[in-house]
Amino acid sequence: MNKIFKHFDWCLSLVFGIMIFVFFAFFYRYHLLYQEQLQLFLFTSYYLSDLMGRPGGLADYFGTFFTQFYYYPLAGALCIASFLVLLQLVVKRLCNKWGADSPMVLPFSFVPSILMWALLCDENYLLTALLAILLTMIPSLLYLKIKSSSIRLIFVVLMFPLLYWFAGGVFWIFGILCILSEWFYFKQLSKLTWGVLLIVIAGSVMFYPLISGLFLQYPESQLWWGISYNRYPVVLPYSILVVWVSIALVPLCFVLMRNRLSKLKYPRFTVVVSIVLVSVFAFFALKSVIDWRKEEVMAYDYYTRVKNWKKIIDMANRKDPDTPLSVTCLNLALYKDGAMGNSMFRYFQNGPEGLLPAFQRDFTSPLIAGEVYYHLGFLNTSMRYSFEAMEALPDNKKSSRAMLRIAEVNLLNGENKVAEKYLRILQHTLFYNEEATRMLECLGDDRKIKGREEWIHLQKIRMKSDFLFSENEKDQMLGLLFVNNQSNKMAFEYLMAYTLLIKDLDHFVQYFPLGKKLGYREIPAHYQEALLFYWINTGHGINDLPWSIDSPVIQNYINFSKALAAGANANSLYRGFSQTYWYYLQFSGGDRVDYTQKPIY
């Protein structure tokens, strides 16, 4: 039977690795891209020494090193798959060494890796947590190769402080695995040696976190649990405790049951059933943690970051975005595609928050909102949002995305020394080095700056004088931006969109003439709908319209008026009118607009 499974176990591990790779590379890839932008791995001695100055520093160093490869989801998925397969192989190796060599061991050796896979679906659990486990387990395998009990005891004494400092709070697993190895594998310790071993292990587990607390400015809970396993250090990662326990529990269970397993009448059938059971367990474990809504928002954010506007609109056409941040990205993409005035209300709109999100003290929404302000010409506001997002990171790390934006804005503002400071840092990265070098070459060189069309445009439309940005008066801020440069078409369209979203048609009509010199061949469809609604609702007749409103728009409004006057509700009107501004006025975006005009049909 062992010969039969000699190659089967490797094939099963390979299939497992391929499944993980495909999942992260193609189905959960935006989680990887999201995590990559929130780290900044530097190839400097200072960066290494800084991380090595705390427990778990080496695991954190390696974790951040491999996280930077999430820049390419295929590479990031390969890293995760390789480490999870390695974890499974180590667990299986321990089972075999301890005497559990039944084929039944194989399917259940995947359980710790499956649990860790599920944890990594949470964007706040970091790769450091997985690498810390591997750093702890590899010495456990080396322990099995030491024949002398005295040398093994010395090995334990020496490894505990190293593992605590290299791997962090998970280091106690090493002690548990050493005890189980002595119990099931070596079986040669005297009672005295057993007592010494247990005292050394228990003392080490208690001593090193306590002594670290005397010298390090970290909460005691972090010194016990680990500092860099989760993005939120103040959150105790109880979920990862399940993974830690399973690493010892799975081999232990099979060792204790090895006599019964050797007497199975149908081992092949039992193995197949076990594989099915573990597969079902994996399915439900992953299903319980996978968050497709977050993945969708992260996709919108990524394509906004790389300026792939067509992709954003394609996503919205397949599935209407329904979160504030995804709507923000869509509205920006619609403007960039020249379709904002004609198509904005063909998609879900959640009010002004979907246009210019209010500032929040977190590390995600300011990055997305900052993209909008950057393209509008509010460069300093964009820089402030990026800086606030980076400083809001709960693990006190730096963001490569935020740092690049800060450097770029300072370059465009002519603050060359500040820009150089950030760009010199980015030169020590793997994937931002070339861009940082190109931007450094632009410092003080207007010819190279003019080689980038986007930079020329932003320097032209940016606010050049000091002013106080008010979160509560965004329409006035947009107005100031447009007055600053009346060729800023985006400022005009965002101003118009803002008034439409807050249903302020008085100011919409007041601002509308400002766009005469912006090159419109015709009035955008949603502007026509708003102008027509305003004109009729202010007591005017349809025959004396002062604007050029298309006949189909007028007829569509007549049909909408008839249906609404007849008592039609939102559901009955959705199919025919949900893509019009009138539907938004009546049924979306907050308070309903009173329908008081006289019939026009």
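Keep in mind that glycine also has a Cβ here, set from the backbone N, Cα and C atoms.
Just so you know, TrEMBL annotations never went through curation; they're auto-generated.
Taken straight from TrEMBL:
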TRANSMEM  12-30  transmembrane segment
TRANSMEM  70-91  transmembrane segment
TRANSMEM  103-120  transmembrane segment
TRANSMEM  126-146  transmembrane segment
TRANSMEM  153-186  transmembrane segment
TRANSMEM  192-216  transmembrane segment
TRANSMEM  236-257  transmembrane segment
TRANSMEM  269-290  transmembrane segment
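Using a cut-off of 8 Å between Cβ atoms, the transmembrane segment (236-257) and the transmembrane segment (12-30) share fewer than three residue pairs, counting only pairs 6 or more apart in sequence. Below 8 angstroms of C-beta separation, residues 5, 12, 28, 103-104, 106-108, 110-111, 114-115, 117-119, 121-122 of the same chain, each at least six residues beyond the ends of the transmembrane segment (269-290), sit close to that stretch. For the transmembrane segment (12-30), same-chain residues at least 6 beyond its ends with a Cβ under 8 Å from one of its own Cβ atoms are 73-74, 76-78, 80-82, 84-85, 88-89, 106-107, 110, 113, 117, 121, 275, 290, 295, 298-299, 301-302.
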